[in-house]
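Here it is, the structure, as structure tokens.
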Amino acid sequence: MLSPGQEEHCAPTKEPVKYGELVVLGYNGSLPNGDRGRRKSRFALYKRAKANGVKPSTVHILNTPQASKAVNCKGQHSISYTLSRNQTVVVEYSHDKDTDMFQIGRSTEGPIDFVVTDTVSGGGESEDTPITQSTISRFACRVVCERNPPYTARIYAAGFDSSKNIFLGEKAAKWKNPDGHMDGLTTNGVLVMHPRGGFTQESKPGVWREISVCGDVYTLRETRSAQTRGKLVAHPPGYPLFTILSSLMLLLLPLSSPAHSIHVLCAVFGAGASGALCFTVCRMAGPGPGAVLAGGVFAVSRLVWQWSVVAEVFSLNNLFVGVLFSLSACFHCAESVHHKKKFALWGALFCGLSLCNQHTLVLYVVIIIPWALLHLYTHNGLSFFGLGSLGTCFLAGFVPYIYLPISSYLNRARWSWGDQTSFHGLLTHLLRAEYGTFSLAKTDENLNLLKMLWAQWNHCVNDLSTPVLVLALLGILLSLWNRLRCVFIWLIVTMVIIYSVFFAWRANLNIEQPLLLGVVERFWLQADAGVCVLAGLGLSWAVCWLNGRLVRGTLWNTGAWILTAGLISHMISLNHKECDQSGNDVVDRFAREVVFSLPPNSLVLTRGDLPGNTLRYLHYCQGLRPDISLVDQEMMTYSWYVAKLQKHLPGVTFPGRWWDPINTMEKKTFSIEQFLKHNMHRPVFACIGLTEGDPSWERSFSRWPWGICEQLVPVKTPFDPEKWAQKTLDLYNWSQPHDSFHPGSWERVANEEMWQARMKTAFFLFDLAENMEKEQQARLYELSYNLYCQIVDTQVDYPANWDKNLALAAERLLRSGGRGHGLDSLLSRSIYHFSHYLQREPTDPQSKAIRSIITHLKKERKKLRDRQKA
């Protein structure tokens with residue numbers, strides 16, 4: 001890449017191939033190794049003497065926490081996509097002889113061909129100059145040009161650093177494309193705009209688009225750091241009925257804790273749902289084993305059991321499904337028009353009420369309503385007055401939504417979502433627009449429809465069992481010979497099919513990740529209820545048919561009861577161990593350990609569901625640690641957060657109306673750096689981590705490890721590694737065995753966080769040593785090594801990355817001279833733990849490099865022992 005002046009002097013004698021010119025508007029740039037540092041705005045891209053382009057090759061999936069220190073494989077370009085603390089996808093890039101690559105960014109390091117520099121607003125720099133966040137990344141983007149005609153040039157977000165790597169962290173926007181390849185967006189973003197009508201004097205501005213890391217083009221995000229692809233955001237509760245009922249429960253029946261009270265309430269809802277399904281079968285086929293089967297199988301199935309003993313809206317939704325099924329059965333079987341009208345009014349009321357809890361039930365409601373109206377019409381029971389009455393009852397069901405604007409206006413809740421005092425705010429809340437209407441996440445990612453349906457089918461086979469599905473199919477077949485039965489059966493079948501297909505279409509989460517599968521499968525409960533009713537009817541009608549054809553009625557009834565008892569007993573024995581939560585207090589202990597480890601008067605910036613919800617529960621619901629303040633990082637980016645919740649956060653200063661990582665210079669917004677500077681009168685902690693969209697804090701603050709959290713301190717604060725290591729060594733009293741929960745559970749996440757918290761200080765010291773002078777390096781390496789030895793030697797089972805990190809610490813300490821530790825001991829430690837790590841993680845993409853290090857260390861140990869013998 002050459003400047004205009006260099007083109008004349010440096011061009012070879014043979015006419016070079018000129019790909020084009022790079023024109024920079026707004027900022028000037030310079031070449032890192034030429035042109036005497038003069039700032040230029042036009043640079044020519046010439047064909048290189050030797051191709052330096054790269055292209056994707058091998059893909060590795062690394063199932064170890066992201067804290068593992070990488071073993072660099074020199075010469076290998078790669079892009080790392082951190083999906084979670086336990087999974088990273090690494091895409092290796094190999095040499096491409098057909099392309100040239102040019103890199104652009106703020107960094108002056110070697111890989112950058114064209115340095116774009118920042119300018120200070122206001123015409124100069126002074127102490128009073130406001131500090132603004134750079135909008136230019138150190139390794140911003142790369143331009144790849146084909147070396148053969150027509151010399152097509154393509155732009156890609158992000159550039160490879162000096163280690164030939166690109167890292168996209170856990171909170172970066174990333175996703176898996178339909179073709180299975182990973183892609184993502186950078187924090188600052190790379191935007192392109194193609195003028196309408198081409199590049200002419202008459203052309204008009206086009207639409208700005210954003211380029212991804214793999215070169216695809218997307219519409220702009222709402223904000224530069226928005227994680228609009230592939231990441232979950234916190235969603236509005238918006239469940240007024242559940243909130244009202246929970247408040248009444250706490251008032252009328254306070255138990256040992258608020259959580260215990262709500263859990264009991266949800267268990268009652270779950271029991272009511274099973275009873276309603278049982279009644280539905282009784283109404284259609286009479287009492288008997290079929291009715292017990294429908295209610296019993298539903299009650300003890302894994303998902304129903306699991307979500308009926310926690311404070312969630314799903315058990316109440318199950319109850320509404322059961323009630324709507326029961327009322328539909330009563331309406332269908334009513335002998336007179338008068339009775340049909342009565343059940344229709346109750347049905348309309350409960351249709352409205354059910355939509356005050358969970359929006360997915362609308363897919364059942366939109367089928368039940370036209371079916372009921374058509375049924376009334378065919379029986380001459382529909383009139384203008386009747387329609388008005390039904391509409392009134394339906395709207396009466398929405399009365400609980402009045403709670404939202406009243407609560408928002410009074411603003412007494414110490415934690416809430418949104419501002420519903422305006423019609424727009426209320427509508428946004430009702431439609432969950434900030435979350436994604438009829439979506440599970442605010443993302444454009446969609447899983448294959450058939451793949452999602454296949455996953456739901458596997459769930460039915462595994463959780464409801466094959467006999468239940470066979471009985472459901474039998475119920476459908478037996479209904480074909482009776483018109484009364486057929487209409488109701490196909491009402492249920494239609495609801496289940498439409499719901500399942502619609503949900504599979506809108507469920508935009510990657511169910512290959514266990515935790516996200518746990519989010520998706522909760523919504524299959526609504527379809528499970530219909531399947532259980534079909535199975536119950538199938539068993540009842542089968543017994544009826546056998547009694548009519550083969551007599552011996554007692555025999556068939558007894559067989560049906562034995563089948564019912566056997567199925568329910570089998571499911572209880574199968575699910576009891578997993579669903580029995582009577583002794584499970586892991587998440588509660590997690591929150592208590594964290595909250596009691598914090599110094600007095602701390603300000604805690606929470607990120608994510610686990611620390612946010614658990615700490616808020618202990619702080620607000622149980623009144624623990626009233627001296628601390630909890631601020632949600634994601635919520636601060638919404639314009640209503642400060643306005644609604646500032647009065648409930650005394651002692652917290654907000655320098656603006658909301659946190660906007662882009663427009664920090666506007667009067668109403670602020671950066672995270674400004675927020676921290678205004679709250680330095682208290683200890684500030686980030687749990688878990690800081691949102692990566694705003695790196696402005698890096699100029700003025702450092703992050704020191706504090707268990708699962710990090711304390712933010714001014715950069716000039718002196719750091720004593722020995723004292724800090726001693727201070728954070730026994731921060732938590734955690735005895736839960738490692739790897740002791742299902743991968744899709746929050747208990748697994750909480751336990752993993754606690755285990756990884758033990759080595760955060762050791763890892764921090766190791767990372768700090770990498771950038772220190774030699775004498776300080778050895779001291780920090782030794783301290784890191786000693787801490788790793790302490791935590792590893794006292795455990796039998798521990799995370800695999802501990803082996804890798806301890807091996808690296810031993811190897812680095814060995815390079816630094818050993819600091820009094822035996823060289824043979826350090827070599828043996830490093831060899832053993834590298835080898836042990838590979839045994840546990842054989843698919844690590846760096847396994848080849850690790851094996852070469854092991855071979856080298858073994859040779860060094862042999863030489864050392866030979867010298868000692870001599």
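Positions of Cβ are set from backbone N, Cα and C atoms, glycine also.
Pulled the feature table from TrEMBL, pasting it below:
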DOMAIN    13-234  domain 'Pellino FHA'
TRANSMEM  262-282  transmembrane segment
TRANSMEM  289-307  transmembrane segment
TRANSMEM  313-331  transmembrane segment
TRANSMEM  343-372  transmembrane segment
TRANSMEM  384-404  transmembrane segment
TRANSMEM  487-505  transmembrane segment
TRANSMEM  525-548  transmembrane segment
TRANSMEM  554-574  transmembrane segment
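Relative to the rest of the structure, where do these features sit?
Outside the transmembrane segment (343-372) by six or more residues, the chain places 239-242, 313-314, 316-317, 320-321, 323-324, 327-328, 330-331, 334, 389-391, 393-398, 400-401, 432, 438, 491, 494-495, 498-499, 502-503, 523, 526 with a CB less than 8 A from a CB of the stretch.
Sequence-distant contacts of the transmembrane segment (487-505) (same chain, six or more residues past either end, CB-CB distance under 8 Å): 284, 325, 328-329, 332, 360, 363-364, 367-368, 371, 446, 449, 452-453, 456, 475-476, 479, 523-524, 526-527, 530-531, 533-534, 537.
Sequence-distant neighbours of the transmembrane segment (525-548) (same chain, 6+ residues past either end, Cβ-Cβ under 8 Å): 273, 277-278, 280-281, 284-286, 288-295, 297-298, 301, 303-304, 307, 314, 317-318, 321-322, 325, 360-361, 364, 456, 460, 463-464, 468-469, 471-476, 478-479, 485, 489, 492-493, 495-496, 499-500, 503, 556-557, 560, 563-564.
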Top stretch among 262-282, 313-331, 384-404 for CB pairs under 8 A with the transmembrane segment (289-307)?
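If we count Cβ pairs closer than 8 Å to the transmembrane segment (289-307), 262-282 scores highest.
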Over the domain 'Pellino FHA' (13-234), what is the model's average pLDDT?
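Here the predicted model's pLDDT, averaged over the domain 'Pellino FHA' (13-234), is 74.
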